[in-house]
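The feature active site, proton donor is assigned by TrEMBL to 104. Annotation comment: TrEMBL describes 89, 90, 91 as substrate binding site. According to TrEMBL, the feature Zn(2+) binding site maps to 102, 129, 132. TrEMBL lists 48-168, 186-296 with the feature domain 'CMP/dCMP-type deaminase'.
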Ligand SMILES: O=c1ccn([C@H]2C[C@H](O)[C@@H](CO)O2)c(=O)[nH]1
Ligand SMILES: [Zn+2]
């Protein structure tokens, strides 16, 4: 079992420990559960889905990298496919606080990067902040997404974010997690192509400044992240942060990043380059290639 899970695992109810042990003992456990794994856990523990998700939260929170606040937030995004995706907050020493990843953003991005088409629920160990409520309002599940918290009745985003401002106010009809392919191409190696694929699936309906990041780790694996814009602009989630979420969920560490590629649409209004470069430098990575995307 990955060391980050050890103490949280030991504090779980014993029936849940028994049911989870084979999954967590897999060294390649990527902090997500397939629909059949969720069904098996429910069957073995006799817990309903909301109870099980709440019980699993300490494991999600154990993925937090809270080097500034030491406040671990965990979230579990539950997809319509039946799969569940862990998320946790990430803080970056040496970078501005604005680069922080919230647990809800982490779980949602994790689900999106794994190809989940839509979310049904999100379970979190603290009440979602205003920024996360706004971030969630970009989703294709709209304000119907269920929000489950410890010792609180399950409500929807509509309850947590009344009188919401969202994509529809700007006449946008493509929502976060909708399947898109922007059809860009660029020449380059495998890492470049991974960044191109990420940009092609990015959500930038407000600026059309589609962007994707690909990271190469010291162990040779590639992790990608897609840019996700928000109707209120500031809660937009940068492509580097998305890749860092995936890296963290896979058990990786920002200090393992060897080389990075940022792929951005040609003549875009916005650029992620300076921010991406600055944040990567705080991890000791100075190898960032900037690739321009053209329509095929
Ligand atoms: O909704 C919230 C509120 C806060 N945090 C994180 C951000 C930061 O890392 C820490 C302190 O705010 O908690 C979340 O992950 N989600
Ligand atoms: Zn938040």
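From the backbone N, Cα and C atoms, a Cβ is placed for every residue, glycine too.
With every protein chain in view, the residue among the binding-site residues 90, 91 whose Cβ has the most Cβ partners within 10 Å turns out to be 90. Listed in sequence order, the binding-site residues among 89, 91, 102, 129, 132 whose CB lies under 6 angstroms from an atom of ligand 2 come out as 102, 129, 132. Compute the center of the Cβ atoms of 102, 129, 132, which mark the site for Zn(2+); besides them, the chain residues with Cβ within 8 Å of that center are 103, 104, 105, 128, 130, 131, 133, 135. Within 10 Å (C-alpha to C-alpha) of residue 89 (substrate binding site) lie the following recorded positions from 102, 104, 129, 132: 102, 104. Listed in sequence order, the recorded positions near residue 132 (Zn(2+) binding site) (C-alpha within 10 Å of its C-alpha) are 104, out of 90, 91, 104. In space, 102 is the closest of the recorded positions 102, 104, 129 to residue 90 (substrate binding site), judged by Cα positions. Take the binding-site residues 129, 132: by the count of other Cβ atoms within 10 Å of each Cβ, the lowest one is 129.
In sequence order, 64, 65, 66, 67, 68, 69, 73, 88, 92, 100, 101, 102 are the residues of the same chain, not among 89, 90, 91, whose CB sits within 8 A of the CB centroid for the substrate site. In the three-state DSSP reading, residue 90 (substrate binding site) counts as strand. If you check the recorded positions 102, 104, 129 against residue 91 (substrate binding site), the ones with a Cα inside 10 Å of its Cα are 102.
Per DSSP, the secondary structure of the domain 'CMP/dCMP-type deaminase' (186-296) breaks down as 35 helix, 32 strand, 44 coil.
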